[in-house]
Amino acid sequence: MSNRFAVILAAGKGTRMKSKLYKVLHPVCGKPMVQHVVDQVSQLGLQKLVTVVGHGAEMVQEQLGNVSEFALQAEQLGTAHAVDQAASVLANEEGTTLVICGDTPLITAETMEALLQQHKEAGAMATVLTAYIEEPAGYGRIVRNENGHVEKIVEHKDANEKELAIKEINTGTYCFDNKALFASLSKVSNDNVQGEYYLPDVIEILKNEGHIVSAYQTEQFDETLGVNDRVALSQAEIIMKNRINRKNMVNGVTIIDPSNTYISADAVIGSDTVLHPGTIIEGNTVIGSDCEIGPHTVIRDSEIGDRTTIRQSTVHDSKLGTEVSVGPFAHIRPDSVIGDEVRVGNFVEIKKTVFGNRSKASHLSYIGDAQVGEDVNLGCGSITVNYDGKNKFKTVIGNGVFIGCNSNLVAPVTVEDGAYVAAGSTITENVPSKALSVARARQVNKEDYVDQLLNKKKS
């Protein structure tokens, strides 16, 4: 196989997005558009990948990191001019170069591989990715010769009646013989209304020089969708969501209502897990097998063990073990590690806490900056008081501890193994192992007090 290279065009202003965010960084199913493209082209066995950046260059470079080399198009003078900015990296290379836009998040490695194979088999200097659509208005038409090769690409506004009837359109993705590409770029003129250098002109240059220009027609027109405004962004979101949901269902995940279930492109979900409506799985989340998630649950960048149930709750940047029960209406905040067979009940918030196996906080509790041992019971209304207005402090609860209802543990404080804390206590000092700690005022009953009070008000 000859050397392969790719150029991703990501320098456009994206003015139609009407956004402060650089266009190709707008997310589709939780991942920036350009990252979708890079992830797919990276599966093609490339020797070099160059992303052409312009506005917001630093943000794109930060997003892609060292996966790609970068070329700067400081002034946007057209697509041919954009590709030419990669000359310092690629111009002297032998091989085939794929050129694709960074705002086509739905393109797949399979389609690009088919394009490259068609290019090779046809012995072409350039190959165009095309698609057949019933309503081709606005698209450039593909005019083929008697051999089935591309004779020319005609823009809609320049097409005659016969050419307007053609329904095979140019999608804007190409592959070229690398040296022929960069040799032709220097011949492209900007003698047009916009005064720009257009990449399709390279096709005409190569054709006029007697080279074969081939085309590969994809049956997946949706993959070629370019996102230029918020309407197209929403269309891409729907298509990607359906693709992701279908893939998960085919792999053994039950999605009760796919139209109301959102799964990120990078999420991994085990078989026989059930997702109820309103479930949102974001980021690099991994969910095990035989889980039940939702309804109305958000999980982001977290790891969920097998046979875990999460109902109407939120989990962020945390790890949950096996056979955990969460919710309804619980919130597990970042940097929490929940053990196996744990119960986190309704209106419980856990933050930056290690919560041991078989421990329970069944309702109305806040556990923050804490280390909770195994087999611990935190009664209703248990609070770790971790913040003094300036600094956060740690609470340590040993194994087998029982915390009574409506108790405050004022950090820094340790409750050692097997200790009991009486309901209503405010603990400010360490509790020894197996001790009962009572930290509340003794109850006083004042006999006949109510009658005395009422008589006083009457007088």
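Placement of Cβ uses the backbone N, Cα and C atoms for every residue, glycine included.
Residues annotated as active site, proton acceptor in Swiss-Prot, with sequence analysis given as evidence: His363. Among the features that Swiss-Prot reports, UDP-N-acetyl-alpha-D-glucosamine binding site is placed at 9-12, Lys23, Gln73, 78-79, Gly140, Glu155, Asn170, Asn228, Arg333, Lys351, Tyr366, Asn377, with the record citing sequence analysis. Residues or ranges marked as Mg(2+) binding site by Swiss-Prot on the basis of sequence analysis: Asp103, Asn228. Here Swiss-Prot flags Asn386, Tyr387, Ala423, Arg440 as acetyl-CoA binding site. Annotation source Swiss-Prot lists region 'Pyrophosphorylase' at 1-230, citing sequence analysis. Residues or ranges marked as region 'Linker' in Swiss-Prot: 231-251. Residues or ranges marked as region 'N-acetyltransferase' by Swiss-Prot on the basis of sequence analysis: 252-459.
The Cβ neighbour count for Ala11 (UDP-N-acetyl-alpha-D-glucosamine binding site), using a 10 Å radius over every protein chain in view, is 29.
Rounded to the nearest whole angstrom, the C-alpha distance between Asn386 (acetyl-CoA binding site) and Tyr366 (UDP-N-acetyl-alpha-D-glucosamine binding site) is 10. Put simply, the two farthest-apart Cα atoms among Asn386, Tyr387, Ala423, Arg440, the recorded binders of acetyl-CoA, are 22 Å from each other.
Within 10 Å of Asp103 (Mg(2+) binding site), counting C-alpha to C-alpha distances, fall the following of the binding-site residues Leu9, Lys23, Gly78, Arg333, Tyr366, Ala423: Leu9, Lys23. Using a 10 Å Cα-Cα cut-off from Lys23 (UDP-N-acetyl-alpha-D-glucosamine binding site), the recorded positions that qualify among Asn228, His363, Tyr387, Ala423, Arg440 are Asn228. Here Gly140 (UDP-N-acetyl-alpha-D-glucosamine binding site) is positioned 62 angstrom away from the residue listed as 'active site, proton acceptor', judged by their C-alpha atoms.
Helix first, then strand, then coil: DSSP counts for the region 'Linker' (231-251) stand at 20 helix, 0 strand, 1 coil. Rounded to the nearest whole angstrom, the C-alpha distance between Ala423 (acetyl-CoA binding site) and Tyr366 (UDP-N-acetyl-alpha-D-glucosamine binding site) is 16.
The closest partner of Arg440 (acetyl-CoA binding site) among the binding-site residues, by CA position, is Tyr366; the full candidate set was Leu9, Gly140, Asn170, Asn228, Tyr366. The distance from the Cα of Leu9 (UDP-N-acetyl-alpha-D-glucosamine binding site) to the Cα of Asn228 (Mg(2+) binding site) comes to 13 Å. Shown in sequence order, Val128, Thr130, Tyr139, Gly140, Arg141, Ile142, Ile153, Pro200 are the residues of the chain, 6+ apart in sequence, with a C-beta less than 8 angstroms from the C-beta of Asn170 (UDP-N-acetyl-alpha-D-glucosamine binding site). Cα spacing between Gly78 (UDP-N-acetyl-alpha-D-glucosamine binding site) and Asn228 (Mg(2+) binding site): 16 Å, rounded to the nearest whole number.
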